[in-house]
Amino acid sequence: MTYLTVSDVTLTFGGLNALTDVNMDIEPGIITSIIGPNGAGKTSILNCISGFYHPSKGEIRYGRRSLTKASPHQVSNYGIARAFQNLELFSGLSVLDNLMLARHQNLNYSILHAVFYFGKAARLEAENRAYVEKVIDFMELEPYRKMMVGNLSYGVQKRVEVARALTLAPRLLLLDEPMAGMNIEEKEDIVRFILDLKKEWNITVVLVEHDLGVVMDISDQIYVLDFGMLIGKGTPDEVASNPKVIDAYIGEE
Amino acid sequence: MSYFFQLVISGVVVGSIYALSALGFVLIYKSSRVLNIAHGQIIAAGAFITYGLTVWANLPIYLSFVLSMILTFFLAMSVERIFLRRLIGEPIISVIMVTIGLMSILDGLIYLTPFGTENFSFPPFLPVTPIAFFGVSISWTQLVGVIVTFTLIAGFSWFFKKSTVGISMRAVSDDQLASMSIGISVPRVFGLAWAMAGLSAAAAGGIIGNITGLNFDTLHAFGIVVFPVVILGGLDSILGAVVAGIIMGLIQQFASGYLDGNWGLNGTGEVLPYIILLIILLFKPHGLFGIHEIERV
């Protein structure tokens, strides 16, 4: 099983430290949440893990692989998928095509097979389609399968975003505020999906989320960031009773 | 009436070459939002390489045509790797300045060779008597040129629609972040876009060279007419480049065929594309097939 370890990661923009000596240790098969006030560096740490930013100092390892200098497409090939905070979907394509596109890495048949569409090409295409259908089923996207993504409601688009990440068959899933801007019902759906991902798909989940109620309910461990520094970690109960965390959220008296 | 059809034929011939030239330009813009001002120079380089391989290295013309496409493929790819790669994320104006610089450098390099100032023409390898039917005639070089052009355009379209690489190129042009997150290497796609643009430019250059002879100014001019063509077709549409290329070829031929010499007009074919450019920019800035960016708030 693969661990994700973030050791002493510092990320600097100009003279500004977005992250300072952050350490994280994420065991496989659990749900880890990263919380903190706005601008605390939550998305920055996800960006470092998924290769969009490279830490100025420190190291990120996933199992035996180093992610410190890896580029985004390499990270995604290592089995780490990500859903973005702001929608990043191919809005002119149908839900199905968005997901099929994420399987393109598995299309390694030759051009001859592709032209005549026999043997390996047909088989792989069918396998990929079956996998995509499994994801659509799981994320309850059946009614939207053929619809253009750009025309769907925000809540459904967020679900497509998570579905596309799942289509890559990841071992580790990074979710950046998957519930932002959703109503209670939609939030409950996403919570159910995340819990099932852990139980049925055995996927490690790293979640950045503002809804503390949800975070406290579903997380196995929580990291709290403030101004780019780690100010607390542990189980939901430990974090909730950590005076530094309470300070950061409520402010000093 | 046969004069009309004669103009249609030469319009389609010139237009299809415009289409092929514009294709490369659109390809680079579509994937990386870079306006490649030096496209005409790459077309010229492709033509000169074809000539050099045919005449100086004594290779069969079809072979040197393909070889020159391959060489330009790698030439354009290295241009991207050396100059453009480090400009990813920089303001668009810096990128345009770099391609202008690139244009000057390539100009300078071409003027160092005999091609810069002298005229050359390919040794004839096709029958010289034109094919005539119903009072209309088309030369063999034009015919073969059009066939090769349309085959290449069809090949490119198939490549973008169906091949995995083509699909990842379209994905990158739609949403870079999303493409990276599903495992597409965006720098590699940029490099490939330049390489494909180089390849199509060399093909266009080789065909122009065979039809009109090798003259740096003529070849260079094709790189400039590309601008009105892509503006008419829509900067990011491959279909638009093809359709607008042919429209522009027809307009030019009709203009010089019917307007020149009457009412004291001359050289209308050279001016009209730019008048169209201005009109399109005023009334339909996205062109015929370009994407309207609609932002929902």
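Using N, Cα and C of the backbone, Cβ positions are placed for all residues, glycine too.
These come from TrEMBL:
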TRANSMEM  B:6-27  transmembrane segment
TRANSMEM  B:34-53  transmembrane segment
TRANSMEM  B:59-79  transmembrane segment
TRANSMEM  B:91-111  transmembrane segment
TRANSMEM  B:131-160  transmembrane segment
TRANSMEM  B:189-209  transmembrane segment
TRANSMEM  B:221-251  transmembrane segment
TRANSMEM  B:263-283  transmembrane segment
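Outside the transmembrane segment (B:59-79), and at least 6 residues removed from its termini, the chain residues within Cβ reach (under 8 Å) are 42, 45-46, 49-50, 53, 102, 122, 125, 191-192, 194-199, 201-203, 205-206. As a quick check, the transmembrane segment (B:131-160) and the transmembrane segment (B:91-111) miss the bar of 3 or more Cβ pairs under 8 A, pairs 6 or more apart, so the two do not touch.
Beyond the ends of the transmembrane segment (B:263-283), by six or more residues, the same chain brings 225, 227-229, 231-232, 248, 251-253, 255-256 to within a C-beta distance below 8 angstroms of the stretch.
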